[in-house]
C-alpha cells in the first residue's frame, strides 16, 4: 500500500509504503505525535483519512480520523463512495500535519505521477455547496471527488465533512454523503486551515483481486454476488413488506412511538399520546416521502457502483432518518416540508446534523423552561407543547412546525456566525456550554431547581468530552464507552440486564469495527459477516480481522485514557430516558430499582465492568 504524510506548512509530502488500514493508520500518527498533549485545534492534531481496501460492493468508503474537539479523544467518521474516486490517486491513506498560512484547498492528483498541491482560496465561500462548486469549476474536466467544510467548521466544534458525486462535470442529485460525527470538519479547517480536499487520477482497480473476492462470496452463498447483496439489503433499497425504503422509510415503522421527539421528552409523555404523535409523523412525513421519493424511484447510490441505491431524495433533498429526526421531530417539527428547510440549512452550513439537531433541541427546551431568554438569542421561544400535536388539527400542526423551523434556522445561522457571546459558548457543545452557563445564570438555576445539563442529552467522556447520541431510544447509545456516536454498540429497542447489554455491545464491536476499518458500508454487514474473515485473510493477509480489530479498540482505549476516563451520566434527562426504558420494555426488576434514580449509576457501572472484562481493557467507573 502507498500512503502519504503531507505537511501543510512546508507543502511537502513523504510517501510511506506500508500495509495498514485507515483507522489503524490514523491512530498510529496520533500516538507518534502524542496528540493527547495538545489542543484539538493545534496543527499537531494530525488529520488522517484512507479508503476502503476490499474490492467488494460497498467497499469504497473514505474513513477520517482525528482527535475530536467534541469527544475530546481519538475519533473516526466515514462517508460512502468517496473512496471510489480516491483509489484513482494510487494512495491508500493520507495524514496531514501543519497549517496553511491562508484558507486552502488540498489537491491530490495522479496522471501517471503523484502530485500534491495547495490552492489558496481568496473568495468568501460559506456553504458546503459553494466550496464544492468552486472546486468543480477548477477541475471540471477531471473525474474528481471533493470533501469540503462549511461555515460551521470555522467557529464551532460541530463542523462535518461533505462530499457529492460528480459525473460528466455535474453534481449527481441525491448522491451525497457526510463524515460528520465528532467535528472532523472543524479540525480540518481550524487546525490545518484547509477548506476542502479534491482528488482524481487514472490508477485502476486490480481486476484480479476483484474476481478473487467475488469468487469467495459466490462460493459461500452458491448464488451470484449481485443477488446476495440485494437479498440482504432490502431495508435500504426497498422492502416489499413495508412498501418503503431507506432509513427514513423504515425506521419510523420499526421504532414506532419510541422515536425521539421534543428534545427527548418521551419519558414524560404517555405512550398513547406518543402513538398519536406517531400517527402524525406517518401522515406528514412518511406518506409524503413515499409519494415523492419511493413511488417515482428517486434513488441513488453514494458514488460507487452499488445496486442498493440507499440514497433517497426529493426536491433536491437527500432524506435519511437521523438528520430528519434530529432536525425535525426532536425540534417539534412535524411537517416534512418544514423539516426540509432545517436540514438543508444544517447541511449548507456544514454542521453534523445529529449534533446540531440535539443542540438546537436543548436550546429550545432551555427557552421553554426559562433558563435562556429570547432576547439573549435573538430568536423566539419554540412551541414545545406536545398536546398541541396530539389535539390540534392538521393546519395548526403545520403552523407550529413552521414557527419552530424558522427559529431553528435563525439559531443555526447565529451559531455558525458566533453572533454574540452566548452563541460562542453554545458553539462549544452542550456539555462545555452547560458548565459555563450553570455559573453564569446561577440564580436561574436555583429558581428552576435544575441545571442546564439536566436538559441536555449527551454521552460524557473525561472532564469535557461529549457526543450527542444517535437517534435511537435504547440504552446502548447512552453508555459512556471508549467511543460513542458510532454504531459500535447494541441499539435494538430492548432493555437488557447490564451484563447482557455488555455482551451484545462487544459482539457488535466485533462486526462494526472491522467493517469501519476496512472502509465497507455497514448497510452490507449482513451478507458480509459470514465471509469477512476469509476475504480479509485471502486478500490482505490478515489472519483474524476480528482479533485485529479488538486489539485496535484496546489501543484506542489506551490513547483516550491519556485524556480522560469514563464519566458518570450527568444529565437528568439521560437518566430519565434509561429509567423509562426499563418500564417501556417491561423489566420489572429494574423498574423497581430505578425508583431510586441513583441506581442508574449502578446499571452503567455494571455494564462497563462486564464490557471491560470482555474486551480486556480497564474502562470502569469507580
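The backbone N, Cα and C atoms fix where each Cβ goes, and this holds for glycine too.
The structure displayed is predicted, hence computed values, not measured ones.
Per Swiss-Prot, the features are as follows:
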- 302, 306, 310, 521: [4Fe-4S] cluster binding site (BINDING)
Helix, strand or coil for residue 310 ([4Fe-4S] cluster binding site)? Use DSSP. coil
Among 302, 306, 310, 521 [binding-site residues], residue with fewest other Cβ within 10 Å: 310
If the [4Fe-4S] cluster site is taken as the center of the Cβ atoms of 302, 306, 310, 521, which further residues of that chain fall within 8 Å of it by their Cβ? 58, 80, 81, 236, 301, 304, 308, 309, 311, 523, 524
Give the three-state DSSP assignment (helix, strand or coil) for residue 302 ([4Fe-4S] cluster binding site). coil
DSSP three-state call for residue 521 ([4Fe-4S] cluster binding site): helix, strand or coil? coil
